[in-house]
Amino acid sequence: MSATATDPGEEANLLAAEYVLGTLCAAERATLEREAATDPAMRSMIAWWEARLAPLAGLAPATTPPASLWPRIQASAWGVAAPPMRLLAPAADATPRVLGFWRATTAVGFALAAAIAGIAVYRPAPPLAPPPLVTALVPLNQQTPVFLASVADDGSAVVRPLTGVTVPLDRDLELWLLKDGASAPTPLGLLPASGAHLAVGTLSGHGPGKILVSLEPRGGSKTGLPTGPVLYGGGI
Amino acid sequence: MATATREDAGGNLAELLARCAAGDRAAFRSVYDLQSARLYGIALRLTRQPALAADAVHDAFLQVWQRSSRFDPARGQPEAWLAGLLRYRAIDLLRKRGREDYGFEPAEEVDREPGPLDQLASSEQAEALRRCLEELDENQRRVVLLAFVDGLSHSELATSLKSPLGTVKSWVRRALIGLRRCLES
């Protein structure tokens, strides 16, 4: 690639190599990424090392990922409903079964059937486990919720939009957890305008706190802390 | 995934990534089918923690979907590009969240002789890298492998190799200088 490219100094080249190798700490990595964003020479040194060291990645044996991974990626990328959580499962399972009886009836009857099905299904099903904790994420100093976060007792969560959310093309929303008493939030990943699914365990073991949503550059904050305005928040 | 089909997939993969950039969901699924086991394997080896590895693969694929337009076939192999995205994400997660939270004990986990070099693929680049790694002394070769493949930071290298931090840092630097000289020639 660029083996004979500019040679702006031993130190910069070794830093690029250590970045690719992965030995730098979080702060050093972040500094170098900022530098690379504006310095083509640094980018080409990184590319040189990436290409040369890439074959080493083949030393790790391929391993089939857990089956839950694809639905989770799908949910994050497209906002497709993630594997149904307890809150949502009864409606998805039961409605079509009851509707079969009404299939030949009018559209009005159809709508009515859906309503009845909802009642009939929900009433006799006693909750076997604690229901998910639901919290509304609202704009600061306002009351109308924009996202709804359902946190299950296994620490997974689904965050859904309640209204159309528009995000500038060059920006992403990012989710954060701010534990009560903590001085800084921890990142929970990007929040597509269509919603997100947080993996099992993401929110377990955390006492009371807040879920925050900030506006970040595309791909999310590079610093591990919100760099843009916090748009929405809600307590858990 | 068989190695044979992966070789064929190189050009195919670049095409699939181009289709992802155009918003083709079926292409995105195909990229996942072709690459998820390889990438999850890399992430698992780096993090030694299934939950963290899954997070890294999730984030990397999200980046593929959101930034696939950034893959430039002229600049490299699609497989290397994907592995790069994944490795940086896994390392970022590792450095931010730390291994301690997951009960990671490098000293026990990492007890490896630099034998695995034999398993490097037989591409021209892999041959060059193998030859150059073999020219390094044992400590230098070991820190490169433990860092790149197992994701150990400077301080983790020092702990697991029971050597002072300064010594380990200088092994890394001398290894990199030696590799560069050898790979450039």
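Cβ atoms here come from the backbone N, Cα and C positions, even for glycine.
Just so you know, TrEMBL annotations are computer predictions that nobody has curated.
Per TrEMBL, these features apply:
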DOMAIN    B:37-99  domain 'RNA polymerase sigma-70 region 2'
DOMAIN    B:127-176  domain 'RNA polymerase sigma factor 70 region 4 type 2'
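Secondary structure of the domain 'RNA polymerase sigma-70 region 2' (B:37-99) per DSSP, as helix, strand and coil residue counts: 55 helix, 0 strand, 8 coil. Per-residue pLDDT, averaged over the domain 'RNA polymerase sigma factor 70 region 4 type 2' (B:127-176), rounds to 94. DSSP places the residues of the domain 'RNA polymerase sigma factor 70 region 4 type 2' (B:127-176) in helix, strand and coil in these numbers: 39 helix, 0 strand, 11 coil.
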